[in-house]
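Colleague: First the structure, which I've put down as structure tokens, then a few questions once you've had a look.
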Amino acid sequence: MTKYVFVTGGVVSSIGKGIVAASLGRLLKSRQYSVSILKLDPYINVDPGTMSPFQHGEVFVTDDGAETDLDLGHYERFTDTPMSRLNSVTTGSIYQAVINKERRGDYMGGTVQVIPHITNEIKERILRVAKDKNPDVVIIEIGGTVGDIESLPFLEAIRQFRTEVGRHHVLFMHVTLVPWIPSAGEMKTKPTQHSVKELRSIGIQPDILICRCDRPLVPGIKEKLSQFCDVPVECVIPSPDAKSIYEVPLLLEREGLATQVLNLLNLEQRQPDLSQWQALVERLYGSHRPLEVAIVGKYVRLSDAYLSVVEALRHSAIALDQELRIRWVNSEELVENGVETALSNVGAIVVPGGFGIRGVEGKIAAIQYAREQGIPFLGLCLGMQCAVIEWARHIAGLENANSAEFDANTPHPVIHLLPEQQDIVDLGGTMRLGLYACRLAPHSLAEKLYGETVIYERHRHRYEFNNAYRNLFLETGYQITGTSPDGRLVEIIEYPAHPFFIAVQFHPEFRSRPNAPHPLFYGLLAAAAKNSNRDHPQLVPSF
């Protein structure tokens, strides 16, 4: 029977519940247990697809086209297991489902209430993951902080869930803060005690405490928390700050987290194999060749807006024994401040995705600089569209060329709306989303990097290259090296006269893994190393 681990958070938000959940997933998988991780988000949006990156960070897209919380990216990267739309649940989606059932008459005229209808729907979503994926363990992260009014239906649902499924099949893990107070020179347990008290008032007694702290727990703290929170001392697990999130599974393994989880769930204790993960962390900390990469975007004030891009770069840097340094460049300020000043001496330039006209001219200027200066360049989604506009204006001779998204009256709409998007009014969940096949041109840079002729990548866009300009681009030196299998949609463009210039309509960052860096990011950093007269082992990773 499937076991369930619920992860709640207390005291403050952004305490690291997602990393703890993902790390536990890695520890269980290292013991040959199958795992799926579910995120329950308390906001009323149906999904984060229409939310501002400044508020929410990046939107992570799954193979089946779900627009989800960025934590699902952590889940995939740590467990190397694809997530789906079943792994992301919001208050909005719960209420939407319940209201739809009420409109259909499913409740037979009954009064629809938070208990039992909302809580039953939450429990059904949890069970659906277990039924669909049949994992040994489902880890469920509850978004928000205990005490938030938005989280109450989820907490009530998981309280009921433990009673219905059975205590030996369910475990409650609470991630909390144990702060160091400099003026007192002491660690304080009171915030954790109050957080657990709040949780217990709802009817949930945590089985394990994960104690977030900026330093090792001082002697006596574990015993004090054990006494006041009614948790066995061996289940009070310190989680001090780490230099990298990829070190967290190893730290939690040393503290015995997985052992306690298996004990409490009556699962067999198995020997873990974390050798590859240990080697990954050693390579990360052993990297000694610095390489600076510029990320040119309009959401750079919040680095989480480009989280998967940064992680994909980091995966490749680890494989290439490079110390990755990110130079954040605000595309809104780029033209005014000067492109050369902002991008001088960078090893590579990445222009990631986005929506809307704001900051686009800065992205185009950065792409022109990369092309003219021979700096390795990778464009992603909107980054490819901006590369098309840049080429159209400066090489193909199409004055005022633009995307129809930014200028509906442009004389040269080199980027236009996908035909199937013409009559769509709603914004949420209506783009070209999810995993699609792409056919690569023989002998192209893309084929050389991937080592395959047909690839599969995740998409999130409404606009595409306008095929009316395809021949002109080919005649002026661009190459179209990736298309949809029917040849209709342009997915990859290259400039072969450049050391490394490639742009793609999809989001390769979502499929990069710590132990399997994505070929495009690996190729970018390898080209940057070559440009810097550094040795690099090979063009594609060998994992």
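Positions of Cβ are set from backbone N, Cα and C atoms, glycine also.
The model shown is predicted, which means the values in this text are computed figures rather than measured ones.
According to Swiss-Prot, the protein has these features:
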type	residues	note
REGION	1-267	region 'Amidoligase domain'
BINDING	Ser13, Asp148, Ile149, Glu150, Lys188, Thr189, Lys190, Pro191, Thr192, Gln193, Lys224	CTP binding site
BINDING	Ser13, Lys188, Thr189, Lys190, Pro191, Thr192, Gln193, Lys224	UTP binding site
BINDING	Ser14, Ile15, Gly16, Lys17, Gly18, Ile19, Asp71	ATP binding site
DOMAIN	292-534	domain 'Glutamine amidotransferase type-1'
Colleague: Within a 10 Å radius of its Cβ, which of these binding-site residues (Lys17, Lys188, Lys190, Lys224) has the fewest neighbouring Cβ atoms?
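Modeller: Lowest Cβ count within 10 Å among the binding-site residues (Lys17, Lys188, Lys190, Lys224) is Lys190.
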Colleague: Give the sequence-ordered list of residues that share a chain with Ile149 (CTP binding site), lie 6 or more positions from it, and have CB atoms under 8 Å from its CB.
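Modeller: Sequence-distant Cβ neighbours: none.
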Colleague: What count of other C-beta atoms do you get within 10 angstroms of the C-beta of Ser14 (ATP binding site), across all chains shown?
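Modeller: Counting Cβ neighbours of Ser14 (ATP binding site) within 10 Å gives 9.
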Colleague: Give me the count of other Cβ atoms within 10 A of the Cβ belonging to Thr192 (CTP binding site).
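Modeller: There are 25 of them.
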Colleague: Whole-number Å distance between the CA of Gly16 (ATP binding site) and the CA of Pro191 (UTP binding site)?
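Modeller: For Gly16 (ATP binding site) versus Pro191 (UTP binding site), the Cα atoms are 16 Å apart.
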Colleague: To test your reading of the ATP site: which residues beyond Ser14, Ile15, Gly16, Lys17, Gly18, Ile19, Asp71, same chain only, put their Cβ within 8 Å of the Cβ centroid of those residues?
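Modeller: Not counting the recorded site residues, we get Gly9, Val20, Ala21, Glu141, Val175.
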Colleague: Cα-Cα, whole number of Å: Gly18 (ATP binding site) versus Lys188 (CTP binding site)?
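Modeller: With the alpha carbons as reference points, the distance is 24 Å.
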Colleague: Whole number in angstrom, please: the longest C-alpha to C-alpha distance across Ser13, Lys188, Thr189, Lys190, Pro191, Thr192, Gln193, Lys224 for UTP.
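Modeller: Those residues reach a largest Cα separation of 24 Å.
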Colleague: Given the binding-site residues Ser13, Gln193, which one has the fewest other C-beta atoms within 10 angstroms of its C-beta?
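Modeller: Taking Ser13, Gln193 as the binding-site residues, the minimal 10 Å Cβ count falls on Ser13.
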Colleague: Across the region 'Amidoligase domain' (1-267), what does the mean pLDDT come to, as a whole number?
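Modeller: Its mean pLDDT is 95.
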Colleague: So, in DSSP terms, is Pro191 (UTP binding site) helix, strand, or coil?
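Modeller: Where Pro191 (UTP binding site) sits, the three-state DSSP reduction gives helix.
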Colleague: Based on DSSP, name the secondary structure state of Lys17 (ATP binding site): helix, strand or coil.
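Modeller: The three-state answer is helix.
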Colleague: Gln193 (UTP binding site) to Lys224 (CTP binding site): how many Å between their Cα atoms?
Modeller: 10
